[in-house]
DNA sequence: ATAGCTGCAAATCGTTTGCGCCATG
DNA sequence: CATGGCGCAAACGATTTGCAGCTAT
């Protein structure tokens, strides 16, 4: 029987090893900070938080590592509808609701969507790995705002 | 019985009226040009084409009108995975396949996905209007490239 | 008439890059 | 000690803005 650990609880050194990344202080803090930011932060937002713990860190380093993390599958890139890159920890299966009015992004558990079609035999021999579903609509707050 | 016309065939003046837009020469050409660009063009690409018919047009005007069109539902904003805005005419129901390797985007007819869950009773009182589904995977070309 | 649109140029924003120094393996 | 990562500052591309003159309704 195999021990099961999520990426959140597994020690950071091990996670880096798994993804072929060198362990550095900056990366560790970056990762820890992202664990405390459950939303879909922009690089600037992550930078602001990390800076509280490593005041000398550079925005360029944050960008470089976010990209590295995305490439290696530690982070996932999220949705469009923003002028800037948004990321989230690559954890459990979920999708997003995007308000077409205020652009807010909310998580949507995959099971709230009901049964999804199987990913097979797509045109052009495309080999599918996963869905990224955005449900576009109006969030509750904007519905209220429009009524008034 | 009601006459059915797609947005592609309906005269431009009517389309503008429907969406509360003033009719201008620039907008008409912009729209016509987009009809001949079936992919997911960037503002620069649209600009280059429009410029052939209105040499004096400004890139700023293209941006302003693309945004206006998106706001009013004439155009749809497409996927991420690009460093720039991508749009397409808001015509028939389809989604996208995005190659995680080369970032190419291919259209995917909604019926190729099979039955989708109904959009109702989402958490937080979110009022859904439509899906935007990206199927992430590896395109045929990149599969070949990897094998070699 | 008048509100809205246009082109222009400058400004801004998010992101990337080159490079000399430093840390990790 | 050899790679690879870091911080800095400059560069860059994409997009936005302010404004003065023109256009559609």
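Placement of Cβ uses the backbone N, Cα and C atoms for every residue, glycine included.
Bear in mind that TrEMBL entries carry predicted annotations, made automatically and left uncurated.
Going by TrEMBL, these are the annotated features:
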type: BINDING; residues: B:99, B:102, B:139, B:142; note: Zn(2+) binding site
Of B:102, B:139, B:142, chain A-adjacent binding-site residues (C-beta under 8 angstroms): B:139
Binding-site residues: B:102, B:139 - member with fewest neighbouring CB atoms within 10 Å: B:102
Those residues of the chain, 6+ apart, with a Cβ under 8 Å from that of residue B:142 (Zn(2+) binding site): B:99, B:101, B:102
Near-site residues: Zn(2+), ref B:99, B:102, B:139, B:142, CB cutoff 8 A to centroid: B:100, B:101, B:103, B:104, B:138, B:140, B:141, B:143
For residue B:142 (Zn(2+) binding site), the three-state class that DSSP assigns: helix
DSSP three-state assignment (helix, strand or coil) for residue B:102 (Zn(2+) binding site): coil
